[in-house]
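What Swiss-Prot annotates here:
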type	residues	note
ACT_SITE	SER108	active site, phosphoserine intermediate
BINDING	GLY34, LEU35, SER36, GLY37, SER38, GLY39, LYS40, SER41	ATP binding site
Amino acid sequence: MVKSDNITWHQSQVSKAERQALNHHKSVVLWFTGLSGSGKSTIANAVEKALFDQQVGSYVLDGDNMRFGLNKNLGFSAEDREENIRRIGEVAKLFVDAGVITLTAFISPYRADRDKVRANLEVDEFIEVFVDTPLEVCEQRDVKQLYAKARRGEITGFTGIDAPYEAPIDPEITIDTSKQPLTASVQQVLNYLAEHHYVSLVTANEN
């Protein structure tokens, strides 16, 4: 691929701070990482709904959804996984610049890839949420039957079976969905956002 050097970044006349002021909340990336079936997407979508109910601008970037469009040309090799996360990191950065709280739900198995996304954002704009649900619990859920296929050898390079998952060393938030209900997990994330002054919230949505 030939890369062009004849490009220039064009600054907007509206700053990120001005967008945040208009929205009455800070923008940040909530990066949900964990094994398939750990509960990343479920929690991320529930948090988004809770934020929406309190008039907080937010959006979920889901791992499966992104592979329908932007990342449809990527597979699951180490190189493709790295590019997958790089692209999502760049999209998430644009969402943050737009003043939106951005929730990403990706296995993102490699620590270095997640760290690159963090480094590409401001210090307080990346919150790593480790959904630390045990492998056996994830396998018991296995709604998509992916673990079963991986165990039978029908899928190769599957994270947690024959491909590694590098757990975060010092995540901002750790959640084990095998030990608490969804409402508690959502409240845990909302509490973090409120306590660190990203948003002003009343309570989590328990519907």
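The backbone N, Cα and C atoms fix where each Cβ goes, and this holds for glycine too.
Structure coloured by features recorded in Swiss-Prot.
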residue : record                                  : contacts (Cβ under 8 Å, 6+ apart)
GLY34   : ATP binding site                        : LYS40, ILE107, PHE130, VAL131, ASP132, THR133
LEU35   : ATP binding site                        : ILE107, VAL131, THR133, LEU135, CYS138, THR159, GLY160, TYR165
SER36   : ATP binding site                        : ILE107, CYS138, LYS144, LEU146, TYR147, PHE158, THR159, GLY160
GLY37   : ATP binding site                        : THR133, VAL137, CYS138, GLU139, ARG141, ASP142, VAL143, LYS144, LEU146, TYR147
SER38   : ATP binding site                        : VAL131, ASP132, THR133, CYS138, THR177
GLY39   : ATP binding site                        : VAL131, THR133, ILE175, THR177, LEU182, SER185
SER41   : ATP binding site                        : PHE32, VAL60, ASP62, GLY63, ASP64, ALA105
SER108  : active site, phosphoserine intermediate : TRP31, THR33, ARG81, ILE85, ARG114
Review point. Setting GLY34, LEU35, SER36, GLY37, SER38, GLY39, LYS40, SER41 aside, what same-chain residues sit with their Cβ within 8 Å of the center of the Cβ atoms that define the ATP site, listed in sequence order?
Key: ALA105, ILE107, VAL131, THR133, CYS138
Exercise for review: Translate the DSSP assignment of GLY39 (ATP binding site) into the three-state scheme.
Suggested key: coil
Revision key, fill the gap. Around the Cβ of LYS40 (ATP binding site), other Cβ atoms found within 10 Å total 28
Check your understanding: Secondary structure at GLY34 (ATP binding site) (DSSP, helix/strand/coil)?
Key -> coil
